[in-house]
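Annotated in TrEMBL:
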DOMAIN    9-143  domain 'EamA'
TRANSMEM  41-62  transmembrane segment
TRANSMEM  74-93  transmembrane segment
TRANSMEM  105-121  transmembrane segment
TRANSMEM  128-147  transmembrane segment
Amino acid sequence: MADRERRAWLLGLSAVLLWSTVATAFKLALAQMSPPELVFWASLVSALVLGGVLGWQGQLVAALRGLNRHGWRALLMGSLNPAAYYLILFEAYDRLPAQIAQPVNYTWALVLAVLAVPLLGQPLTRRMIAALMLGYLGVAVLAMGGGRWDRLT
């Protein structure tokens, strides 16, 4: 196996390992703080890391000039993801067991496939419909605890 391929496998497996632990990390963090607090601290740490990386790459001044040029609009647009998506996500993790919240969260890939039909003009094939139904059925089975409908209420 070539070094490049080995590195690709290592990075891919590392990503899977990190993403597979996200539900536990969220639950541990939410045991210590509220969802809005977690969004705040996660956003602050992300901004500081981004600033550090930009500084290390020598791009911090250019980024700040761009921010100055686009102003509050850029900050508003950049805060939509943490303010909307992550606040809803952390509320769900706060209210649901991690083993339910994580599969429900991962249905975003299915939503993107559905949105590709009207937004990108992708054809809606029978195969795609079957795959989407199978994906959502799997999440429903997990959410119901193996088929118990009373768990959904």
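Note that Cβ sites are derived from N, Cα and C of the backbone, with glycine treated the same way.
Mean pLDDT for the domain 'EamA' (9-143) in the predicted structure: 89. For the domain 'EamA' (9-143), the number of residues in each DSSP class (helix H, G, I; strand E, B; coil) is 118 helix, 0 strand, 17 coil.
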